[in-house]
Amino acid sequence: MWRALARTTLRAVANYCGSPGVGLAPSTLTQQQLRHSKASKRFITTTSTAPQHNIGIMSVEKPKVVFVLGGPGAGKGTQCSRIVDRFQFTHLSAGDLLREERSREGSEFGNLIEDYIRNGKIVPVEVTCSLLENAMKASGKSRFLIDGFPRNQDNLDGWNRQMSEKVDFQFVLFFDCAEDVCVKRCLGRGQSGSGRTDDNLESLKKRISTYNNDSLPIIKFFEGAGQVKRIDASPDAEEVFGEVEKILVASGF
């Protein structure tokens, strides 16, 4: 029964999100919105030949995007909050957006997202990209830290299909942290009441395995293209941010 529900849900997402320039509506897809997708297309219109200022409802200037990657517990969220305060970025956590959607009353994707997160798997890219796109549009801002994305090749391919022409990608900020340090941080976070269902040893093992198998190759891909800023994330947060600050200032922020 669950597999049938998942297949039905993913077909609905793929059919809707596959249309050029169309993501989830601000409150995500509902059956009514699916029936009125043509009306949505009139509201959010993009074509490959349209001038840049007609893309969606984003600003004339393409928003600048920095991907923030690293293993679970590497300190991405902590550093992103400091970057927001110092450099006026908007922080978008792919994981937080998915967790919010999972807990949103009436979400048809809640159970699907919960199953993927609990089992340390990566949520289908159509869902994640659409949540990110809508959050960017709703913010009205022009600088974004996208935290925890892309996490695998499918994520990267989906981003390129849906978002690469709409943003000005800068680089990957990679927080490289020893695995034992990451495990200690995550377990401590869970014991202190983080409220995250994946801050436990069983889920953490799966998350680390997924990161090593799926996410590290993506980081290496960007590294090969000269688009990675690597930071040793094992020291304390203050020392790590000192290195982050140097990189962002040198990059013109």
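Positions of Cβ are set from backbone N, Cα and C atoms, glycine also.
What you see is a predicted model, and the numbers here were worked out from it, not measured in a lab.
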TrEMBL lists region 'NMPbind' for one of the ranges 62-92, 93-123, 124-154; which is that range?
-> 93-123
Just checking: which of G73, G75, K76, G77, T78 have a Cα that is within 10 Å of the Cα of G148 (ribonucleoside 5'-phosphate binding site), counting only these binding-site residues?
-> K76, G77
Give me the largest Cα to Cα distance among R99, K121, I122, V123, G148, F149, P150, R151, R196, R207, the residues the record lists as binding ribonucleoside 5'-phosphate, in Å as a whole number.
-> 21
Close binding-site residues near R189 (ATP binding site), where close means Cα within 10 Å, chosen from R99, I122, P150, N155, R196 | R196
